[in-house]
Each structure stands twice: as structure tokens, then as C-alpha cells.
Amino acid sequence: MYKLWLLFDPRRALVALSAFLFVLALIIHFIALSTDRFNWLEGKPAVKAA
């Protein structure tokens, strides 16, 4: 496993991984915001009263 870090610079690899995960989280949240069920910004109640 240590030979992997001889091929890649650990700082650049961890920065790239962090940037990728941040962008992935943004994409997931924007997809959730585009649905009616998970759009928490519109102000609609989550569960309608019976």
C-alpha cells in the first residue's frame, strides 16, 4: 500500500479527493432540491394533515 503514495503526491491526491467529494455533495443536494418531496426551500409542509 505504501508504494501507492510513491506514485501519487499525497497532498494533491487528498485535495483532489476532497474537491471531488464536495462537488458530488453539491450535485446530490441540487438533485434533491429539484424533487417535490425533498425541496425544503419552497416552504411546503413535509406531511399534509389528515
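Numbering starts at 1 and runs along the chain as displayed.
Glycine too: its Cβ is placed from the backbone N, Cα and C atoms.
Fair warning: this is a prediction, and the values are worked out from it, not measured in the lab.
Over in Swiss-Prot, the protein carries these features:
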- 1-12: topological domain 'Cytoplasmic' (TOPO_DOM)
- 13-33: transmembrane segment (TRANSMEM)
- His29: bacteriochlorophyll binding site (BINDING)
- 34-50: topological domain 'Periplasmic' (TOPO_DOM)
Q. Near the topological domain 'Cytoplasmic' (1-12), which same-chain residues lie under 8 Å Cβ to Cβ, leaving out any that are not at least 6 residues past its ends?
A. none
Q. Under the DSSP assignment, what numbers of helix, strand and coil residues are found in the topological domain 'Cytoplasmic' (1-12)?
A. 7 helix, 0 strand, 5 coil
